[in-house]
Amino acid sequence: MSKKAEIYIMYFCAGLTLCVMYGVQPIQPVFMEILGISKFEASLFTTSILVPLAIASIVYGYILEKFSIKKILVFAFFAFGVLELMFAFCNDYYFLLNIRGLQGLIAPAALTGIMSYISTNTSKENIASAIGVYIGITILGGFIGRFLSGLSYDIFNSWRVFFAILGVVLLMSAFMLTKISSKVSVSPVKPKLGDIFKILKFRSNALIVAYIFCLFFSFTAVLNFLPFELNKLGGNFSGTKTGLIYFGYFIGVLVAFNSNRIVSFFGNAPKAMFFGAIVFIFGLFFLEFDSFWIIFCAMLVVCFGNFIGHSIASGYINRINDTHKGIANGLYVSIYYLGGSLGSVVPSFIYSGYGWKIFLISIGILVVISLIFSGLLSVKR
């Protein structure tokens, strides 16, 4: 198999991984009704797969170095497939949640292996564009998984069909991965606690990770609880409409591929991050309206703001850390997913207790805090 074909398989598997991670999100209201669980319990389907990603860059480096990428990926996608099929035919909430937790433990290994394989098998002059395509594919995978799970629910009147099909495709991908080269191994970063504190001693690093924690906490909160609110609008759940709400992810692809141009337009990264937070807040205001299409347009704005903030912040922390780039990037990813995992569950108490309006106000306050962090980045010391 040619290297080009192997890279395409990696991109395909990256998209599948994001389908596994987020396919459940738009139909969480369905699980709430069918399983007789609360919003908090339904939201844990997303939380359970994000938590391992928050600790992966710190812990997984010591595990993954012992195996070749091929072995890691074949095992990961075979396990993904088996667990997805089990998920599709299970009826018990706690068993379903445990399956999601196991998939969460596998996801960091899969994503680390895929990125390592791409970077190792790509020439230095093309590695930036290859990683850019990888980021774009993960964004698209997040949308496709959400949209297709909602669409299949409307077509088949069953949440199981999407996950059964996804399970079969995952097993097929595991077979394809047996054909790739086995010579490549993972060289993960293995940070020590002292290294992390050294990174955070630099004011700019601390402000960047604080910024992205608040921003992704807020973004995940909106994505995770908006389906419950949409369920109230028409009286009946529409998986297709709910999945369509995530269409703004396509904007994320455009932003990811044009992050350097965005920074050039604003003059520097902190100003671009500041702008992203402002756009996010502007979009939040329109999520209060009781109209699907206004909410749809508002989510385009929210996604635009979030992806500007994320794409610029991730590039900025890499650019300002010359000597400890790997550790700084790993810390960024951990804080990013820590914000996401908490954002997927903590706001459920506000939403369930005080309603959508107070929920949006609380999220808006957190985005304002991220706005302050990005503003402080622009202040020279």
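Any Cβ shown, glycine's included, is placed from N, Cα and C.
Nobody curates TrEMBL annotations by hand; they come from automatic prediction.
The domain 'Major facilitator superfamily (MFS) profile' annotation in TrEMBL covers 3-381. Here the domain 'Major facilitator superfamily (MFS) profile' (3-381) has a mean pLDDT of 87 out of 100.
What TrEMBL lists as transmembrane segment is 7-24 (among others).
The feature transmembrane segment is assigned by TrEMBL to 44-63 (among others).
Listed as Cβ neighbours of the transmembrane segment (72-96) (distance under 8 Å, sequence separation of 6 or more from its ends, same chain) are residues 13, 16-17, 20, 31, 35, 37, 41, 45, 64, 102-103, 106, 109-110, 112-114, 117, 160-161, 163-164, 166-171, 173-174, 177-178, 180, 186. Among the features that TrEMBL reports, transmembrane segment is placed at 72-96 (among others).
Marked as transmembrane segment by TrEMBL: 102-120 (among others).
The transmembrane segment annotation in TrEMBL covers 127-149 (among others).
The transmembrane segment annotation in TrEMBL covers 161-181 (among others).
Per TrEMBL, transmembrane segment is recorded for 202-223 (among others). Listed as Cβ neighbours of the transmembrane segment (202-223) (distance under 8 Å, sequence separation of 6 or more from its ends, same chain) are residues 25, 46, 50, 246, 273, 276-277, 280, 284, 287, 299, 302, 306, 309-310, 313-314, 316-317, 320-321, 328, 331-332, 335-344, 346-347, 359, 363, 366-367, 369-370, 373-374, 376-377, 381.
Annotation comment: TrEMBL describes 243-260 (among others) as transmembrane segment.
Sequence annotations record features per position, and here TrEMBL assigns transmembrane segment to 272-287 (among others).
Proximity of distant same-chain residues to the transmembrane segment (293-317), defined by a Cβ-Cβ separation under 8 Å and at least 6 residues beyond the stretch ends, is recorded for 135, 139, 205, 208-209, 211-212, 215-216, 219, 222, 226, 230, 244-249, 251-252, 255-256, 259-260, 262-263, 269-270, 272-273, 275-287, 328-329, 332, 336, 370, 374. If you look up TrEMBL, you'll see 293-317 (among others) marked as transmembrane segment.
Positions annotated as transmembrane segment by TrEMBL: 329-352 (among others). Through the fold, the transmembrane segment (329-352) approaches residues 38-40, 43-44, 46-47, 50-51, 53-58, 61, 189, 191, 196, 199-200, 205, 208-209, 212-221, 224-225, 228, 310, 313-314, 317-318, 321, 358-359, 362-363 of its own chain, all at least 6 residues removed from its boundaries and within a Cβ separation under 8 Å.
Under the heading transmembrane segment, TrEMBL lists 358-379 (among others).
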